[in-house]
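Over in Swiss-Prot, the protein carries these features:
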- 111-312: domain 'ATP-grasp' (DOMAIN)
- 137-189: ATP binding site (BINDING)
Amino acid sequence: MKDNNNYNVLIVGNKGREYALAQRLQQDERVNALYFCLGNGGTQDLGENLECEHYEHIVELALKKQIHLAIISEEEFLVLGLTEMLEKAGILVFGASKEAAKLEASKSYMKAFVKECGIKSASYFETNDLKEALSYIQNASFPLVIKALNKNTSIVYQEEEAIKILEDAFKQSNEPVIIEPFLEGFELSVTALIANDDFILLPFCQNYKRLLEGDNGVNTGGMGAIAPANFFSNELEEKIKNHIFKPTLEKLQADNTPFKGVLLAEIVIIEEKGVLEPYLLDFSVRFKDIECQTILPLLESSLLDLCLATAKGELHSLELVFSKEFVMSVALVSRNYPTSSSPKQTLYIDPVDEKKGHLILGEVEQDNGVFESSGGRVIFAIGRGKSLLEARNHAYEIAQKVHFEGMFYRKDIGFKVLDLKEYS
């Protein structure tokens, strides 16, 4: 569907995924200009970072800069209805509608939605009363998963740990808390392009969320990832399509909920009576760190065409081609991630062999060519290779090109599928 038009593109967000999207879009000669709200220290070298005071201001800036396509990857702005506001202003938008964004923004809404669809997911107990929650865990079997404050997901192994998490959650908010049994299995992140009743699956990804080697420590947004995670039969992929994505889109359509963007399903594969079954853990309604920067290097087709076809609701016109290579991403994080903020640190970056991979700048600031850390997941080392082992070796070689005080990264990304005996 390639056209010869020129496009001014606005990307809403300020993390590694926005840098990854921009880095790829910049390679398309039809992209006339890139703008970011707010962007980060890396994106300012790829386009123009705009000062955005509030979400209504973004619409004003988009009109001023004559934006043709907006890509929204910040949940907050999707929930506030930025998609609808930009579309009303005549701008194409790659992003979920306000109503669809509730699938990520509200754990309570998502669980009720999934139950109504008949999608396999963990059983759950929901309450906005601390006493009820404490009473429930007294009789529950551990480990448990506690989803609180609509963002924090904790895997807990002891009652004392659960009590502390629940008490802290109810001190901060009256939002309902979800308590589920922990589902043991092989986890996958499955990203789909959604255009209302149509969808296309992108390569499967495996996100290593726990902070420490061997999948220990607290949950994070992702310490590393591999793609494609194609270790399963076509039959399992069909189950994921037919038992998770199709029922979801059918209900969205029945509820008159528009959706033109990305839907990411976090799935756990469980063996039941000798048969592999996908269970849904969570939904996200946008590109996610770290999946985005792991999948994009596999895309040989135009990212601009992908976004345009999705935003126009014309996925049928899209022909996607993916590389046969493997990709591994490793998050280089600041000392106190993810529990608290860390002091800013100056980054020192050595040259990278781009035949082996590249770096994605995440939570960084830049002043006169000097980069500083500004958050938890600072930089992502991306390795490519003809095998997963080669991609792994390249990712860790690239990770060693970055230096800042307190830098930490997991050294076992891929251990679940590679023969890394010291971590298994």
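Keep in mind that glycine also has a Cβ here, set from the backbone N, Cα and C atoms.
Sequence features, as recorded in Swiss-Prot, placed on the structure.
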residue : record           : DSSP (3 states)
Ile137  : ATP binding site : helix
Leu144  : ATP binding site : strand
Lys151  : ATP binding site : coil
Gln158  : ATP binding site : coil
Ile165  : ATP binding site : helix
Gln172  : ATP binding site : helix
Ile179  : ATP binding site : strand
Phe186  : ATP binding site : strand
- Segment-level pLDDT (mean, integer) for the domain 'ATP-grasp' (111-312): 95
